[in-house]
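Notes for the one structure printed next.
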Amino acid sequence: MKITATRLAMAATVAALGTAALAQELPGPVKARQGQFNILAINLGILGDMARGKAAYDADAAQKAADTIVAVSMINEPPLFPEGTSEMDIDGTRAKAEIWDDWEGFAGKWSGLGEAAVSLQQVAATGQEALGPAVGQLGGACKACHDSFRAPE
Amino acid sequence: MRRLLGFLALVALLATGALWMISAPDPLPMGEFADDPGGDPARGQTVFTAAGCASCHHAPESEDKLVLAGGQRFPSDFGTFIAPNISSHPQQGIGAWSLHDFANALLRGVSPEGRHYYPAFPYTSYIRMEPQDVVDLWSFIRTLPASDTPSQPHEVGFPFSLRRGLGLWKQLYLDPAWIVPGAESDEMRRGRYLVEALAHCGECHTPRDAFGGLERDAWLAGAPAPDGKGRIPALTPDKLGWSAEDVAYYLETGFTPDYDSAGGHMVEVIANFAKLPPEDRAAVAAYVKALPDGGAMN
């Protein structure tokens, strides 16, 4: 009985976390790069919600979020994008093969993120009204890269 | 027996003739858009942005999205379509066209030589364009730089290589009627005009039937990506649980409510929407929020 209950719970967990289960099978570098983008999204969420007035402005929290985004932007990318990990090679990634065809272009886009992150870092604690444009600029850096290098869902 | 064969041959001939007539290109009457009254290029630029012309017609990998040299590839179940040069170059582009030629292309999918265009060019949406927008767009698009890059032929196999067949396709699917009837407010009408005409959202977000026509009963209900990899998401409220403000913010910044950022061709679409006034993004959001579940139209 206990085994059955455990199994049921496991089955339910697997069903509920289908995508998480899939992510478990991804190569380490792919999990790592997806993790860094998740960290970016979480911290952009903190700043974006403040910019949109969905959350109260908090200079200290905004600065920490911006600092974190800068830190992520300094991660060296090549080890996270080994050959054979494009969307053509494996399921569970939206990294287009163009990344490897045009590594220089891709690296340039990552640098663009770094520049936008530093601009954001400089203004994050100066007041709520500065956040909107800076977050927008960072979003521009995301899109500039996704335009060529990220596949749709 | 001989008489029967003769009769059958006659029937076949008549049927072929009828098909040939039905499939003939149906251009605008010569009088329409015959005189170019001269549009407003500034207004035309907004139409150009909302209609996403540059998104498909700029050269691949080009940073300058206003050189409409063509060359981007659009794979589909019917073959690969390659966007043509629509720059102002008189030979390679559309620099020698008249306003009438331009309107025929946009609103009827017919070339100046009287041939059908493939509906990868979304004239099935542009057919709903207001005449003044066509005139203004024409006045703007001619100000853009010329490119001498030749257009490449589409990579489309038999039988889809027979363009005449598109005449039959148009009989089935080229329809100027609005998909969502009865938009009550100015905002809803503007949103509907942007979604159903200029921004041609349905071309990717609505599934297609076996002949490549949009399934109007599943309007904006999401569809497989035309290149066969992944899915284009649904925009209907039963699938997309975003607030109207979330939709407008996404169209401005590319950020989802979870601060994930758009990928693929949607990036270009957002770059366009970001340049439009906030009221336009709000209008699209209002339209999307009012869609029926599953895109079921009556």
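Cβ atoms here come from the backbone N, Cα and C positions, even for glycine.
Curation plays no part in TrEMBL annotations; they are all automatic predictions.
Summarising the annotation, TrEMBL assigns heme c binding site to A:Cys142, A:Cys145, A:His146. Annotated signal peptide per TrEMBL: A:1-23, in sequence order.
Locations of recorded TrEMBL features on the structure.
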residue	record	Cβ contacts under 8 Å, 6 or more apart
A:Cys142	heme c binding site	A:Leu113
A:Cys145	heme c binding site	A:Phe106, A:Lys109, A:Trp110, A:Gly112, A:Leu113
A:His146	heme c binding site	none
